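Listed in TrEMBL for this protein:
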{"type": "DOMAIN", "residues": "A:60-760", "note": "domain 'Alanyl-transfer RNA synthetases family profile'"}
{"type": "BINDING", "residues": "A:H614, A:H618, A:C717, A:H721", "note": "Zn(2+) binding site"}
Amino acid sequence: MSELEEEYRLDYFEEEGFYRKQCPVTDAYFWTRDPDRETCGEPPADDYSFIDNPGFDEEYTLEEMREKFLSFFEEHGHERIEPYPVAANRWRDDVLLTQASIYDFQPLVTSGQTPPPANPLTISQPCIRMQDIDNVGKTGRHTMAFEMMAHHAFNAREEVGDEYAYSGEVYWKDETVELCDQFFESMGADVSEITYIEDPWVGGGNAGPAFEVLYRGAELATLVFMSMEQDPEGEYEMKDGNRYSPMDTYIVDTGYGLERWAWVSQGTATVYEAVYPDMIQFLKENAGVSMTDEEEELVHRAAKLSGYLDIDEVDDVYEARVGIADELGVDAEELTSLLRPLEDIYAIADHCRTLAYMFGDGIVPSNVGTGYLARMVLRRTKRLVDNVGVDAPLDELVDMQAERLDYQNRDTIRDIVRTEERKYRETLERGTRRVESLADEYADSDESIPLDDLVELYDSHGIQPDMVRDIAEARGATVDVPDNFYSLVADRHEGEGASEAAEEREERLADLPDTEKLYYDDQERTEFEAVVLDVIEREEGFDVVLDQTMFYPEGGGQPADHGTLSTDDATVQVTDVQIRDGVVLHRADADPGKGEFVRGQLDVERRRRLMRHHTATHVVGHAARRVLGDHVRQAGAQKGTDRARFDITHYERISREEVKRIEQVANDIVMQNLAVKQEWPDRHEAQEKYGFDLYQGGIPPGRNIRVITVGSDVQACGGTHVRRTGDIGAIKILTTEPVQDGIERIVFAAGDAAISATQATEDSLYEAASVLDVTPEDVPATAERFFTEWKDRGKTIDRLKSELAEARAAAETEEIDIDGTPAVVQRLDGDADELRATANAIVDEGKVAVLGSAAGGSAQFVVGVPDGVSINAGEVVGELAGRVGGGGGGPPDFAQGGGPDVDALDDVLEETPNVLRQVLDA
RNA sequence: GGGCCCAUAGCUCAGCGGCAGAGCACCUCCUUUGCAAGGAGGAAGCCCUGGGUUCAAAUCCCAGUGGGUCCA
């Protein structure tokens, strides 16, 4: 079965007298010390046997168990590492959340580009797995938030020498299994009950042999030996159908589920009771969930039974429950009604911990990325809380977990939860109203609410179909929610997302040496000398490659330098600079000649402005954190010569007051004229000293990283900076705008650009003041007064027009008779409002009105007909307008129309009486 | 990053090419004095902004601004 069979034959197993067996139930191969053992230990081959029968010497809480594990591995030569944030997208762009401890070291450490913080190391890494969200609370063992305890060793083959950031072997399979055994033993486990199941691991382009470690029916650890990478020519075919070949690096990747270990030590019926005892107690009391001793006993036995079953999906739970109820001799419905509230409470506890991790690690709710996931979890939690009748604010519940997890930013977390809860409540209120009016519309008819409406309610308004059904049924309307509802929603999203054009690799560049970067040596220098190594002709211009350069290539949100390259004979203009694989390409308008010696001269003014804006970006970022809170992080930045934009994570719109305070704090930093320091420290030392906030603009590779210090603000950054904050001159925030939910953009100008920007704003104000003929200070009040006055005049004009219309109607007008009905046909060059008003006044006197106007460059008619006269105004207008080359229409009693032929207007009015008679006859 | 929805009176919304509307709130009067009181009258709108189409745009099209929502 396993092509890797040889990989699993460890000396350690030999020495310890293990047997290799095949499980008759699961067909899996496994290793055990017990000669009589037949099954592999994993459900359904074996049951949970630790419930009510703890598997270790003592019971442990989460905190105790974590400490037990970490200190065990410390004593065995591992260095303890602080956990990383749960938001993995802060250091890698292929995933959103941290789902395993190895995520902390991908991709830079596992690929060997960057050394690990310690080797070997041990860590307990908080993780979030959204995949399990539906199972949480119901299966008894799934949690969305968990800690993966782990020990890792990073090895590189002896023969590759020091090509990678680590070399040689720390330890490999035998030692890993031995450590695992020893840890079990130190916990007082009966090692003869442990089984090591052979289970090759594949993931993320890597693969390797692995063991699942089972004890008393519970999978307590996974030992992965990552040693292969995907390779079409590879010698091993793995379970994903791809071929793999050995890598130069090979890594011990273990995972010990903290929650499972605590659970097994306590032997409670569900994992939740072992992990969240206090919170569950609180929620039960708050929601008034109480049970008799018999009920309590029943629930406990049911939970224990469901633990024996192999349940991986929620659907299975309800099927399984029927069987469980049968076995306990109770009604399935009755059992369900006892379990439901508990399931909700378990889920709430787990979700609150998830939220505490997310917000504690600086995730801000949003419509995109991790922020969206956080929003989904929060809304789900809110529904559960309401459903089970917990009467406590959500921010308090999340705070209970945040406190336990020892987060320092608890006030911000609560603030975020409250804001988010408010937004959700508003969405629900909006949704409820919308559904109610829709339900009323369909309540009287036999039709149910159409599926299209249901899909739209969910997709565009965030209203769950269940909620639609509840509201609609209360109002007597029917709703059918098809089972494939969510796939219908998905259909609406089909065809989204554009394909990306493959990036072409430049082979010619591969032969060129990395360009030496002079721009970090002295950021004030603007001239240099260099040799032209190569010139590549492009569609527009030439890419010049030098041996060294002062030109800063576009990167990190800082645009490229401009300038010139001169030989003795010629000067070429550099209009763009890019870097590809370490080679700097200078886009020039002419070919300076390969092998030539050139003098480079930067566009000094441009560079200065870029530097000021870049340093100012750090200052503004720091000021924003001070004013808005520690959750503020950079979400993108673009510097320019006359302004820069800086996107930050924040959960509300930034108020005018806050903008002013940020501006003040930023300019304070400028005035303090602090030194801007550039250093290249060891990455792990820097990270330990300054924390993860160092990486605002992404994580650079390498052993050492470039760090820029401005006052108390420290960031990894590759850009060019001024020497002291005073060199920025001034910082002016121009605007703030929302880029997406949870991300605000701050646009600002620095130095002379700040002055220009301020002047431009003032110009607008002075111009407005001059138009109003008042001082700038009086502009707001005057504008207000003028606007009010303007509105009043509009009303007055309307009133006068209707008075004028009445007067006109009452005046002596030529009246004609259309078969007994009096009619007025008149030319009146006014706008449509005047015509309408006059026509209405004439109609009020019981006469037919036909008015024509040539105002506004076109011929226009309005026709009004009093009640009881069988003339169709629309038809009349249609006929008249047709004669001036246009069209028109309207209801039978009042119509308007017109056309471009103004000259024909009088003739048409002349013929109008005949037209009226025709229409009457018709 | 992409899709979809929305913007009209203080609030909630209807109108969807042809005279700017309703309910609630507000003001005045009458009736009544027990929990969303009733009746009569009234005031209150740059129909988000800017273009376009049209004889005519709150209404249709495009762009912008603001808000909502779903998905990766």
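Cβ atoms here come from the backbone N, Cα and C positions, even for glycine.
Other than A:H614, A:H618, A:C717, A:H721, the residues of this chain whose Cβ falls within 8 Å of the Cβ centroid of the Zn(2+) site are, in sequence order, A:T615, A:T617, A:V676, A:I708, A:V710, A:Q715, A:G719, A:T720. When averaged over the domain 'Alanyl-transfer RNA synthetases family profile' (A:60-760), pLDDT in the model lands at 89.
It is A:H618 that, of the binding-site residues A:H614, A:H618, A:H721, has its Cβ surrounded by the most other Cβ atoms within 10 Å. Secondary structure at A:C717 (Zn(2+) binding site), taken from DSSP and collapsed to helix, strand or coil, is coil. A:H618 (Zn(2+) binding site) falls within a helix when secondary structure is assigned with DSSP. Taking the Cβ of A:C717 (Zn(2+) binding site) as centre and 10 Å as the limit, one finds 27 other Cβ atoms among all the protein chains shown.
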